[in-house]
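Novice: According to TrEMBL, the domain 'Response regulatory' annotation covers 10-126. Here TrEMBL flags 140-212, 268-338, 390-460 as domain 'PAS'. The domain 'PAC' feature in TrEMBL is assigned to 215-267, 341-393, 465-517, 592-640. The 4-aspartylphosphate annotation in TrEMBL covers ASP61.
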Amino acid sequence: MPFSLHREIQVLHVDDDPSITDLTGTFLEREDDRFAVQTATSADEGLENINDRPPDCVVSDYNMPGTDGIEFLQAVREEYPDLPFILFTGKGSEAVASDAIAAGVTDYLQKGSGTERYELLANRIRNAVRTRREAERADRQEQLMRLTEFNGDTGGFELDTESNTVVLTAGTRRIIGRRNQHEMSLEEALKLFHPDDREDIQHTLDKVLETREELYDTWRLQPGDGEERLLDMTITPVVENGGEVTKLRGAGHDITEREEHERTARQRQKQLSLFFEESPLGAVQWDSEFQFERMNRRAEEILGYSEAELCGESWEGIVAGDDRGQVGDAVEKLLDADGGTHVINRNVRKDGEAITCEWHNRVVTGADGDVQTIFSKFQDVTDRERRKTELEEYETIIEALSDAVYVLDEKGQFTYVNDELVELVGYDRETILGNTPSLIKDEEAVQRAEQELGRLLSSDGPEAVTFEVTVYPREGDPIVCEDHMGVLPYDGEEFNGSVGTLRDVTEQREREAELRQTTNQLQGVIDSVESAMWIRNTDHEYVYMNQYHRDLFDIADDTDIAGKRAADLHSAEVAEKFQQNDQRVYETREQVEIEEVIQTDDGRQYFLTRIVPLFDNGSVYATCGIATNITEQKEYEEKL
């Protein structure tokens, strides 16, 4: 029977989720009984199936482990440049679509819920296969006409199925270089072809005998002169009156010189058609002088112009003045068919808004190498470039920080550390990145960090937490650090990781321990003094207070004041006054003497307060205060 568009359609569906391939296969075969769906769960398995028996169409997911859908497409295109390939993916973005188009995808479709998406997929498969079959049939007919009429690079043969004798026409004898040999055995004829093609040719002959259908294919002819030719052959069964197939007749067409050029042209035309009709990116076609010829709807949305408004206009009208030199150089290279394929520049919309766009350009040349037209696809990357600039600024700021900074991904692995962290722990950056905090922390510290992270991720958790950990560097003594940690921004429930700083507080903790020891030694002496005494660190936290101070403000003896601020122990008015006094000392680095009135549980009382800074290596690390009760003196003065 003649070549038919109604024969079975072999579909290979590649997706790492078997439930999706099963569901898709069921819907497709239910939608059209011509569909025969074969499945594979990886790109490697898909390539094996294609090499064993190429299907009529490949449907592939994008996001697969190992080899993703784009890499799979590129591998298929290396061996099967015309095989219909549809990217059917749940991950839809302009970047994925752009990469797919560049790799030569036939169609691009996002997954969705409902049977409508499978109906649409079935329709896309039918269209892709129909387009390819019609193109191939038209190619053969056109080749036969041209070769017969002009070149004569066509020939015929007739195979007697009983004797396996092949009778050759004059055209065939000319093609194989045996002008005086009118017939040969099938075995001898098969030896004229590439060894890898002989089994396939025999299989095709057997299939024509079995199915009584006309078949065609292209094989590599090696006539013996050291040259290899491509032969496009059509084989037709001859049925005698008795209903038996007694002969096979065929026509061979030498398509060597035309095949590569026409295949490239067909592939380019398919890509450019998809480029305009389906691309989520902006698409523009330019003439040989780089003036607008046409543009798609997305390009109109990005630039704010209609196609009619820009048709015939120069590229300069949409490019910011400062960028015209850069773009002009790229245009010149494109018109010379010498590069300029990728450019990022600022464009100007119709409303005057300046935006940043990324352009990918492709030149179409004629047989003489002259530029005929130029196609561009582009997207608005203003936000991306701004984020890139902000990220560079943030990284500059982070590198300038004196604290160690780290970023962990959702798996708890280091993805970024600044120079200070590298210096703190003593490991090189390559060792740290990709490793987990267990490299520098013991199990207890790791568990503490995980607990704090759990607090951050809870619905009512804080935005950041600060806790103390011990870090174990590659060499040297353990380092006591304050870990200030938060989570990276994320949408929905998809946790992206955490970020934090490590501040070395080893010396600070040692000083505080020494201070507490000294304080304890002086406790007995100081508690006997009839004045309030205290020490507060730079975080305004109490390190010490004597008994008089406790009694004055009614603070119980069993109250642990270490680490507590004035606001935790006193009224807001008193706490604010104490903090202001300490701040004066930190700013002036000198003793402060104040007469002040303080409201206590025994009423208003007058104090003469002296606060002095405590230094360590030239830095103020705490304040020490003594307040003498002068209430009786003030009352006496008032009576006088």
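Glycine residues also receive a Cβ, built from the backbone N, Cα and C atoms like all the rest.
Predicted, not measured: the structure shown is a model, and the values here were computed from it.
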Novice: Taking the Cβ of ASP61 (4-aspartylphosphate) as the centre, count every other Cβ atom within 10 Å, in any protein chain shown.
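Specialist: For ASP61 (4-aspartylphosphate), the count of other Cβ atoms within 10 Å is 24.
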Novice: Does the domain 'PAC' (341-393) come close to the domain 'PAC' (215-267), meaning at least 3 CB pairs under 8 Å for residues 6 or more apart?
Specialist: no
Novice: With the domain 'PAS' (268-338) as the reference, find which of 10-126, 465-517, 592-640 contributes the most Cβ pairs under 8 Å.
Specialist: 10-126
Novice: Indicate whether ASP61 (4-aspartylphosphate) is helix, strand or coil by DSSP.
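Specialist: Note: ASP61 (4-aspartylphosphate) is coil by DSSP, not helix or strand.
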Novice: How does the domain 'PAC' (341-393) divide up by DSSP, counting helix, then strand, then coil residues?
Specialist: 12 helix, 29 strand, 12 coil
